[in-house]
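Student: Would you mind keeping the following structure in view while I ask a few things?
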Amino acid sequence: MIASSVLVQTDVSSFPILHLSIWCVLHTILTLSGRRELTDKSDKADVQEKEVKKFDGTGYDKDLVEALERDIISQNPNVKWDDIADLEDAKKLLKEAVVLPMWMPAFFKGIRRPWKGVLMVGPPGTGKTLLAKAVATECRTTFFNVSSSTLTSKYRGESEKLVRLLFEMARFYAPTTIFIDEIDSMCSRRGTSEEHEASRRVKAELLVQMDGVGGASENDDPSKMVMVLAATNFPWDIDEALRRRLEKIYIPLPSTKGRVELLRINLKELELAEDVDMDKIAEQMEGYSGADITNVCRDASLMAMRRRIEGLTPEEIRNISRDEMHMPTTMEDFESALKKVSKSVSAADLEKYEKWIEEFGSC
């Protein structure tokens, strides 16, 4: 900035027109450079402020705070709706229940006030965690990925403290999405053989904390929103009081179209032989979950390697060149994988899910 001040003090009337033009350009560059320097410093200060923002766990056990901080995935899980195959009805309901109230708080008030949270119900391996991450990405919220085991302690009173601490941290890092997986294991129905005093206290604390948060409304600042998303494979075991507070959304097994999309996602980095017919493979995987389909693709991708190393010694395997391992996956590989990998959800279980969601759910 010294050069700029020198130029300002110079008598420009003695400069020829060309020199004057050069002086003006140079003065502008130096001025903008100074502004950029200030902007860069401001940006760095903002970044540093975000980096130093840390929850004050005074009054809580240090180990409890650290345990929950490990479950803060990131401020942007970077999972987009398009990254999730199929499930269009579930996506639509999640946007309406969670995303839109965040974007349009003035509209979602009174009778339109959003739910305290959303319960995603369905067979294992259908994409419930990915959907929760997509919500957090869309809303640009801090994402807590918490399993019920994280909130369960063998010491008396610790589980309630963990639940209370979780919501305090969520409010501090707001806007926040709390995803609680396998919530049925900590919120079983009352009066069952699995319920005991500690379980009742944890449920009571969770309900109290949920009543103190919710989506954006006329009295809520969207930047302070704390949204609870929960997932379960056993919805019939969940406590009625919790069930009433949550919007219920069914996450089904993928359709034929969804199975083709999942195949394309799983195989996008794999070289396939010309005879591979994804539509035909998808038809043969009726009743397979997303996780099952991933397992089929993984097993099929290893078939060529298994053929190549069969009968070789460890030394011979180590000496195989990269070019020799360049083998496309064939339709026969998928046929073999399908014989090995069975679907994980039975027809009886599927019928049970559909009956439950018909009675209690939204989708």
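The backbone N, Cα and C atoms fix where each Cβ goes, glycine too.
TrEMBL entries are annotated by machine, without manual review.
Feature table excerpt (TrEMBL):
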DOMAIN    114-255  domain 'AAA+ ATPase'
BINDING   GLY122, PRO123, PRO124, GLY125, THR126, GLY127, LYS128, THR129  ATP binding site
Student: Quick check on the binding-site residues: of THR126, THR129, whose CB has the lowest count of neighbouring CB atoms inside 10 Å?
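Tutor: Among the binding-site residues THR126, THR129, the lowest count of other Cβ atoms within 10 Å belongs to THR129.
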Student: Are there any residues at least 6 positions away along the chain from PRO123 (ATP binding site) with a Cβ closer than 8 Å to its Cβ? List them or say none.
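Tutor: In sequence order, the residues whose Cβ lies under 8 Å from that of PRO123 (ATP binding site) (at least 6 apart) are ASN233, PRO252, LEU253, SER289, SER344, VAL345, ASP349, LEU350, TYR353.
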Student: Just how many other Cβ atoms lie inside 10 Å of the Cβ on GLY125 (ATP binding site)?
Tutor: 20
Student: Using the Cβ centroid of GLY122, PRO123, PRO124, GLY125, THR126, GLY127, LYS128, THR129 as the reference point for the ATP site, which residues of the same chain not in that list have Cβ within 8 Å?
Tutor: MET120, ALA231, ASN233, ILE251, SER289, GLY290, ALA291
Student: In sequence order, what residues of the same chain, 6+ apart, have a Cβ less than 8 Å from the Cβ of PRO124 (ATP binding site)?
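Tutor: Those within reach of PRO124 (ATP binding site), by Cβ under 8 Å and sequence separation of 6 or more, are ASN233, SER289, ALA291, SER344, VAL345.
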Student: Taking the Cβ of GLY127 (ATP binding site) as centre, how many other Cβ atoms lie within 10 Å?
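Tutor: Step by step: centre on the Cβ of GLY127 (ATP binding site), count other Cβ atoms within 10 Å, giving 26.
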Student: When DSSP states are grouped into helix, strand and coil, how many residues of the domain 'AAA+ ATPase' (114-255) land in each?
Tutor: 57 helix, 31 strand, 54 coil
